[in-house]
Amino acid sequence: MESALTARDRVGVQDFVLLENFTSEAAFIENLRKRFKENLIYTYIGSVLVSVNPYKELEIYSKQNMERYRGVSFYEVSPHLYAIADNSYRSLRTERKDQCILISGESGAGKTEATKKILQYYAVTCPASQQVETVKDRLLQSNPVLEAFGNTKTLRNDNSSRFGKYMDVQFDYRGAPVGGHILNYLLEKSRVVHQNHGERNFHIFYQLLEGGEEDLLRRLGLEKNPQQYHYLVKGHCARVSSINDKNDWKVVRRALSIISFNDNEVEDLLSIVASVLHLGNVQFAADEQGNAQVTTENQIKYLARLLAVEGSVLRDALIHKKIIAKGEELISPLNLEQAAYARDALAKAIYGRTFSWLVNKVNKSLAYKEGEFPGWRSTTVLGLLDIYGFEVFQHNSFEQFCINYCNEKLQQLFIELTLKSEQEEYESEGIAWEPVQYFNNKIICDLVEEKFKGIISILDEECLRPGDATDTTFLEKLEETVKNHPHFLTHKLADQKTRKSLGREEFRLLHYAGEVTYSVAGFLDKNNDLLFRNLKETMCNSENPIINQCFDRTELTDKKRPETAATQFKNSLSKLMEILMSKEPSYIRCIKPNDAKQADRFDEVLIRHQVKYLGLMENLRVRRAGFAYRRKYEVFLQRYKSLCPETWPTWDGRPHDGVAVLVKHLGYKQEEYKMGRTKIFIRFPKTLFATEDALEVRKQSLATKMQATWRGFYRRKKFLHMKHSAIAIQSWWRGTLGRRKAAKRKWAVQTIRRFIKGFIYRNHPRCPENEYFLDYIRFSFLMNLKRNLPKNVLDKSWPTPPPSLCEASQLLRQLCMQNMVWTYCKRISPEWKQQLEQKVIASEIFKGKKDNYPQSVPRLFINTRLGNEEINAKVLQALENEAIKYAVPVIKYDRKGYKARSRQLLLTQNAVIIVEDSKIKQRIDYANLTGISVSSLSDNLFVLHVHCEDNKQKGDVVLQSDHVIETLTKTAMRADKVNNININQGSIKFTVGQGKEGIIDFISGSELLIAKAKNGHLTVVAPRLNSR
């Protein structure tokens, strides 16, 4: 990097304007050589950048380096592409004027690489968003796609552009790229069918064969070996060490997806590329009449499938020619030479039109879409021109003629904008100036493009005139028309010495870049660009969507003769010149250091030739004698008026006087500027940069002042708006409150009136007079009921209803009780439910009948009063599988003597069992239990009545239990004898056995006493606990 060098003299000056001997061409070239040796490939001539192709990678294009040049004044950093790119970008943003960067130089000088580096710089340094990033990617990825289809390896350049490209990049008001458009010029279609020795066809053919997947190649009917294809072997240079076709194929496939190609479009596009290769392999043989016949049917099959046409129709179209004369169709066979011409013409037409379609497809992808960038309608444009350089080959044909004509037009533009226009401007503005001599190539441009007498006009005339026109007749017409032109020479017009270097079918033009000898062979054919009608018809019927778009059916019906290739190119160049003239140009002049494409090799002779024909010395002399910056007074004053108190904020006088006051305030020295008639001219860039720096500082203070003023204005405006809003809200709110209050009063009066009237009619049937009162009464009762509902089923409270709601109140009370009961039942556990069921049965049996029942109510019934451990194991064993449901200790009284004996009463699933220690004394099946008797007193005796016909039973059983209510309830439920419990008053009779009866007498007394009476009865004295 230049910034790392301490001795600037050792590496030359970075601006040729600083050369002491600026008129010496040798000094100019020596300065280039010094810098090239130190890898300093960029040098300025004022604002023009001179670039020497290093033929090697240099570490000067990193993102860090891009940031170094971002937003920095032109001369504050060392010369670089990025400086030119950034200067154009800043001019575009600050002055809102379209810019263009013109990159010129001969083939191999590095123009295409320069274009890519500039696009990369904008992609990194411009403002970004998701949509903008998409546009950036598409702009960058359009390059590898167009290079694959439009670039090739030539003798002088391994990546030579064989078409001209002008790209417009659209920027929004923030400086972000939002779209783009590409114009292409004169694709070298002849390369599809013919290449010179050491050259290749277009890159895409080799990339497809080298990088294409096996499945893809099989579908396209291709093999990986390029030697198998007639159109790829003519240059004998299928593989090049500096080109990696396989990697480039991956780049192209990725780029196609980024610029919105779907899979079907890629397949159709590659089918067309493959069809060109197959078309080149179509061979012909002559029949007995000398007419051509296709000998490679296999190729026709592939072509029919790839181009989506009828194979037989395509075959016939390749060996026949259709002519329409006076409304009649005439079909004539072709000979071998004509058939080969037709095949090659079709291959060139397919590829050329597909390339144009491809450019249009890329343009659709790059097009600025307002929907994606809402509100960004104002856009400016920066153009990049990358067009073929001046070409001189051993054999120069129609393509070189057009390319060199294009370079003449660009040189003319350069002269117009930098040399001639600059000197004319000094004269018109009255600025003292020493004229600089330069060669004006307008004379050469006129020789080529002049109407009626120019080479293109003569060529078109020969192509269009009736009769047998040939390349030779064209040359003769040239000799006749422009024989006296100083820049034109042929074998016939040359002197004896010159004739030795000129063939009889050649002419020589003395271009601004030197002499070029052109062979007229093929000029007429290439200018006509003829494709037989039946081949056009075949392509128009193709079902391949791309081919269908490329070959328009209107061509078949349009009787107007199409423009020739040279005229189309001339008109395209004319439009391009108009585009470039409308923009503010920046120049990059590219130089090729040697023809061998070797790094670190400086061919002084070759470079001197390029310096001369690029007009760099004339450009340098103009820059040394002239001024670096000039602007109209109005523009200059508008931009810098804020730097002077007298001109800010407005100047009411003449702009000339305002600028004079401004530069005086800025302290410009007399030698630093000149005042013209309509413009100010500033000689030194440093003067302008100092002014720009002062403006940047001033902008900060102005921005602060503007912000303060705006904030004050905005706050005051906001305050006044809030004040007005507050007054409006207060007024509205006071009105609202008043209206609410009036409405409330009116409602109150009406309510009171209706209430009183309803009260008067309260006992009448429902009518309009009392419906409001009745509704209010109903509502009040329901609200009161809501607040005073019973809390549980035992709560019997209920609000007293009005007379009209008695029936409804009763229904509601029932519903409420049902709901509480349902809620309570839903909440109780199975154990508690069982307890309640037993209590309910006990209530049904004993309530109001048994004196000691009330004392049993608060006591819970127990599942059993004896555990298994309290029952003898022998008893349990004897019961086997019978589960004991309830067990309780009891006292048994003998049937005769009424002796009391301790026993256990067990209830099983099927029987009542009485147990004495380890022995079962008596088992009474529930079926044999006829009833149970108990007294109404508070004693605990009860009698189990047994069926008398059962011989196993000894008679009824008299028992006493401390839990008589519990025991009898469980026994009744188990035996299903709830209705068979008898509660007796006075005495109970029971069966003793053998038809005898016993009697138990019950007497009220002060305390419990059980004894045998003298009359043989069992007397039970029991205290009365409750009065009935």
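First residue shown is number 1, and so on along the chain.
Note that Cβ sites are derived from N, Cα and C of the backbone, with glycine treated the same way.
These features come from Swiss-Prot:
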- M1: N-acetylmethionine (MOD_RES)
- 12-696: domain 'Myosin motor' (DOMAIN)
- N53, Y61, 104-113, 157-161: ATP binding site (BINDING)
- K348: N6-methyllysine (MOD_RES)
- 573-595: region 'Actin-binding' (REGION)
- 699-728: domain 'IQ 1' (DOMAIN)
- 722-751: domain 'IQ 2' (DOMAIN)
- 850-1024: domain 'TH1' (DOMAIN)
Do me a favour and check the Cα-Cα span between S160 (ATP binding site) and K348 (N6-methyllysine); whole Å is fine.
19
Work out how many Å separate the residue listed as 'N6-methyllysine' and G108 (ATP binding site) at their Cα atoms, rounded off.
25
In the chain carrying K111 (ATP binding site), residues 6 or more apart in sequence that have Cβ under 8 angstroms from it:
I103, S104, G105, S161, D386, I387, G389, C590
When DSSP states are grouped into helix, strand and coil, how many residues of the domain 'IQ 1' (699-728) land in each?
30 helix, 0 strand, 0 coil
May I ask which residues of the same chain, at least 6 positions away in sequence, place their Cβ under 8 angstroms from the Cβ of G108 (ATP binding site)?
N53, T154, R156, N157, S160, G389, K592, D595, K597
Going by DSSP assignments with H, G and I as helix and E and B as strand, what are the residue counts for the region 'Actin-binding' (573-595)?
9 helix, 8 strand, 6 coil
For the region 'Actin-binding' (573-595), the mean pLDDT of the predicted model:
91
